[in-house]
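Undergrad: This structure is in structure tokens; I'll ask about it shortly.
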Amino acid sequence: MKGEPKVIERLNDALFLELGAVNQYWLHYRLLNDWGYTRLAKKEREESIEEMHHADKLINRIIFFEGFPNLQTVSPLRIGQNVKEVLEADLKGEYDARASYKESREICDKLGDYVSKQLFDELLADEEGHIDFLETQLDLLAKIGEERYGQLNAAPADEAE
């Protein structure tokens, strides 16, 4: 089915963000795991995989519209050098995605593409869940300090990889 070019463009814009998020969350997973934040690392891994599923849905929709998914470029990664920076970097990415998806859903609505609008609504709901988690973690980190936060997010030595 031939798709509306503006919708295909917005789907590719979202793919750009999701592919960057896959890589950023995966690298943060590996860094956090290495730093001993194994529980938070596990969450970052789960987020990376979820973002990969988002990318797959976008690719599928672009192909359905006889468009070409652009996997050549990804959004720039924001990589934290400590646990606080990791959380802040991820939060910035989620804020960017939320703003983009809000705009995209409106464009799809105006063009009468309710299925793509629904996809953006689904992505938006997931990103808002990520935002809530990250904001909560940053608030917790500020309240209890990095040392205690680290204790909460480290697995016992016999559970580490």
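Keep in mind that glycine also has a Cβ here, set from the backbone N, Cα and C atoms.
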Undergrad: Need one residue: from Glu9, Glu18, Glu85, Glu88, the one Swiss-Prot lists with Glu51, His54, Glu127 for Fe cation 1.
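TA: Among Glu9, Glu18, Glu85, Glu88, only Glu18 appears alongside Glu51, His54, Glu127 as Fe cation 1-binding in Swiss-Prot.
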Undergrad: Since Swiss-Prot lists Glu51, Glu127, His130 for Fe cation 2, which candidate among Glu4, Glu94 does it give for that site as well?
TA: Glu94
Undergrad: For the domain 'Ferritin-like diiron' (1-145), provide the mean pLDDT of the predicted model.
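TA: PLDDT averaged over the stretch: 98.
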Undergrad: Based on DSSP, tally up the residues of the domain 'Ferritin-like diiron' (1-145) by helix, strand and coil.
TA: 118 helix, 0 strand, 27 coil
Undergrad: Round to the nearest Å and give the CA-to-CA distance linking Glu18 (Fe cation 1 binding site) with Met52 (heme b binding site).
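TA: So the alpha carbons of Glu18 (Fe cation 1 binding site) and Met52 (heme b binding site) sit roughly 7 Å from each other.
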Undergrad: Using Cβ-Cβ distances, find the residues under 8 Å from His54 (Fe cation 1 binding site) that belong to the same chain and are at least 6 apart in sequence, listing them in sequence order.
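TA: Correct list: Ala14, Glu18, Ala21, Leu123, Asp126.
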Undergrad: Could you state the CA-to-CA distance between His130 (Fe cation 2 binding site) and Glu51 (Fe cation 1 binding site) to the nearest Å?
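TA: So the alpha carbons of His130 (Fe cation 2 binding site) and Glu51 (Fe cation 1 binding site) sit roughly 11 Å from each other.
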